[in-house]
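In TrEMBL this protein carries:
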- 1-19: signal peptide (SIGNAL)
- 1-42: domain 'DUF1736' (DOMAIN)
- 32-50: transmembrane segment (TRANSMEM)
- 62-85: transmembrane segment (TRANSMEM)
- 161-194: repeat 'TPR' (REPEAT)
- 195-228: repeat 'TPR' (REPEAT)
- 263-296: repeat 'TPR' (REPEAT)
- 331-364: repeat 'TPR' (REPEAT)
- 365-398: repeat 'TPR' (REPEAT)
């Protein structure tokens, strides 16, 4: 197959694993006939290079071409040590150079004889170069985007589960959930033990509310690959959603056993502790998560909300200040800090952070509604009214803004009681 890719690079694929090339299982497989042809060709070329005019330019070129074609390829043969693949276009870069030397040498030898017209030879050479240039341009276009690359692989290797898996990832990244699910299911049909496809499919099913099916795939993935930390974490999320807190905690801790530095898992574990009412453990776990990954905004936000809900306003402000040193442009942090400062009647500081939140995320109706509450309490009624109205433009069904605006208008006499 590698020799065929050199001679006739029509079928090119970014990955040749997972059933891309069906395994030879019978002596009646016609592909076996290529082996003697390949070996006979190699022996004849080697003999030609070693016997025809030792030290001549032709002899040196033939031997150099064979050396460049074979020696760099030896590590990929799995003869000396396991490398995990046999066919891969990247291992043919140097052999391709040797093949080019061999082609040019052969054409030069043909041109030195009277058996082939030089015009025919020149035409064939130019045609070969033009065809390969066009093929190179076509292949370069395939590599412009992931979708084009994976689609081209699908044309060559429709039985390759990894190709379908990558197509599923691209579809999921672009929001085409239906296509992503279809591709992941096809990958699993072709390779029922494909744990990564199980994990990704389970994540989509979880988001769609199909928790039981997601649970099945994640349990299967962790059984096939017990050290699959991401699958253990996702399994914990599904188990927590199903109310099985004990199993969820065990899954999170198992994930952390296999990947000790895993802030996302710590964040989810903290959420579990919060659901169980263990606020101390939740706070400690989120603190650990943010120490490992200071850019984990959701963990900082949960810490602020928890401290604020417990009336621990000063610790909440300290956490917010620390978080904003790492994430100065995170609107949720400014918003929650503004809420806490407002409860302490620190109106000017609260206003500053509310305005930063609305500047960073101007389409969030809740930010404008809470800014209106601040102005309302601050007795800046005109600005409060504008903020409430702006919030309702963004979300006409926001009941808190509706009620607060109604109260404000009644208090200011703009509508009758």
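Backbone N, Cα and C define each Cβ position, glycine as well.
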Non-local residues, at least 6 beyond the ends, that sit with Cβ under 8 Å of the transmembrane segment (32-50):
3-4, 24, 58-59, 62-63, 66, 102
Can you work out which residues elsewhere in the same chain, 6+ from the ends of the repeat 'TPR' (195-228), have a Cβ less than 8 Å from its Cβ atoms?
161, 165, 168-169, 172, 177, 180-181, 184-185, 187-188, 234-235, 237-239, 241-242, 254, 258
PLDDT averaged over the residues of the domain 'DUF1736' (1-42):
73
